[in-house]
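Chemist: Next up is a structure, given as structure tokens.
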Amino acid sequence: MSLLELSDVNAYYGNSHVVFDLSLSVEENEVVALLGRNGAGKTTTLRAITGTVPRRHGTIAFRGDSIVDQSVDRISNRGIKLVPEERRIFPTLTVVENLSVARDSCSGTEPRPIEEMFDIFPVLDELRENRGRNLSGGEQQMLAVARALVQNPDLLLLDEPTEGLAPVIVEDLREVLEDIVSRDVTVLITEQNVEFALDLSERAYIIESGENAWDGSIEDLRQREDLLEEYLSVGEASAD
Amino acid sequence: MVNTGLVVDQVITGLSIGSYLFLIAVGLSLIFGVLEVLNFAHGVLYMIGAYVGIMAVQSATGNFWLGLVLAALVVGLIGVVMEVGFLRRVYDRDELDQLLLTFAFVLIITDGVRYVFGSGSRIINPPPGLRFSLVLSETAAIPSYRAFVILASVLVLGGILLALRTTNFGRVVRATSSDRDMALLLGIDVPKLYTGVFFIGAALAGFGGALAAPLQSVTPELGNQVIINAFVVVVIGGLGSFTGAFVGAYLIGIMIAVGSIFAAGAGQLFPFVALIAVLLLKPEGIVGGAEA
């Protein structure tokens, strides 16, 4: 039984049909990348899993139980935590308060100590009393991941974690996420930065216009320059 | 030449008006800050609190302090019924629908209270221990009960700010008021939180109504009179800001009282002039956004 299993999922953003008969699975302690061009339906897929956009057809099962039509907070309390693309740090709360709210709101899993987050993210340790709105983009991204991690998730959903970050910050984030995945955290990551995603992941799904286009191991995908070029524009980007 | 003693008297009266305006405006601001609902019915909740306080004083117990506690609890529970039974169904709708729904409560509750208690005004005395005056100078004194209500409003503000900063419930309220969807994604039961916040906001209105009952004549129309000033207070202070509600309430109270020296019978004019000035020059309010 997979930790997460989507079968023939169709999801909509408003009235737009964005995801078509999508199927994917994530096993326990695995890191899976969900790849595709901008607008391919990656974020909508994550939102369908977390219940923030309605799924109209298909099934979504977590640990074998359907989570379809469950409320967003209930899905979260089953252990599925999303780090959204926009980070969505609580702007008027300090770093410690952002983490405290997450820790104390956790009802489905035993939360991790906040001090452990400062060990993983030393940059946040120096910013404990800073308000969320005063953090840089990279610091906010670290805090967004830490806020999800303090809830001790069974499945961590990372939506475009490098979006808008400077290359040097992306490298810092890569180190932190490598540390996190080495701690047996199950991760489903969407990412435009293909190299970043390939370095972290064991398997990948490529989606194109909301449909499954390919899936397999990272080793296989690295051999398939045609796929990287056709669906992820990696060759074109390199040519630039 | 305006008599200095008269001005001091009117400032004291203004502070007293400000204190009970704050007690109604703070709940209004709390509910708007978290639920984003402009609760027109907040005035009638305040009026019910005043009647509960009067009933407690005129009952066999005759206990004013018991009336304060009962007013907060009874009105808080009425607020829960309003939120769970009705408002929850219109959160996703247009703001006008929410406003109209709360306005319907104003009409229904006002008529209901008039049916039960009649349309005549009721007056109660301050509790026995607070019927003396505190002499401030040779020319100025403040009735002890008015001083007590001012102190109570300061304590309520302090208690709310402390709870928001130091308790988990307070942090969750601040987090949810800034990003409801992210709060849900963290597993926070937002509908339950909304009910809790509405209870507290309504209970504050009930408490304020009972506390202010000895300072004014209580009629079924009381809610309609205070809600307008309460809205002026929260707009001037900044919607959703508690410190803003406090500053706004005392400014309005003093404007009404001192303004009536210069324009007898038209003291209410000044807050509305201030309202227009704030809307044009600082639409987020004097303190708006600082803590939201």
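Cβ atoms here come from the backbone N, Cα and C positions, even for glycine.
Automated prediction, rather than curation, is the source of TrEMBL annotations.
These came from TrEMBL, pasted as-is:
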type     : residues  : note
TRANSMEM : B:12-33   : transmembrane segment
TRANSMEM : B:40-58   : transmembrane segment
TRANSMEM : B:64-87   : transmembrane segment
TRANSMEM : B:99-117  : transmembrane segment
TRANSMEM : B:145-164 : transmembrane segment
TRANSMEM : B:193-215 : transmembrane segment
TRANSMEM : B:227-252 : transmembrane segment
TRANSMEM : B:259-281 : transmembrane segment
Chemist: Quick one: find which recorded stretch in B:12-33, B:40-58, B:145-164, B:193-215, B:227-252 has the most Cβ pairs under 8 Å with the transmembrane segment (B:99-117).
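Modeler: Of the candidates B:12-33, B:40-58, B:145-164, B:193-215, B:227-252, B:40-58 scores highest.
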Chemist: Per the definition of 3+ C-beta pairs under 8 A with sequence separation of 6 or more, do the transmembrane segment (B:227-252) and the transmembrane segment (B:64-87) touch?
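Modeler: With fewer than 3 qualifying Cβ pairs, these stretches do not touch.
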Chemist: Under a Cβ pair cut-off of under 8 Å, which of the recorded stretches B:12-33, B:145-164, B:193-215 contacts the transmembrane segment (B:64-87) most often?
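Modeler: Between the candidates B:12-33, B:145-164, B:193-215, the best contact partner of the transmembrane segment (B:64-87) is B:193-215.
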Chemist: Counting only residues 6 or more past its boundaries, what in the same chain has a CB within less than 8 Å of a CB in the transmembrane segment (B:12-33)?
Modeler: 39, 42-43, 45-46, 136, 140, 142, 146, 149-150, 152-153, 156-157, 160, 177, 197-198, 200-205, 207-209, 211-212, 215, 226-227, 229-231, 233-234, 237, 239-242, 244-246, 248-258, 292
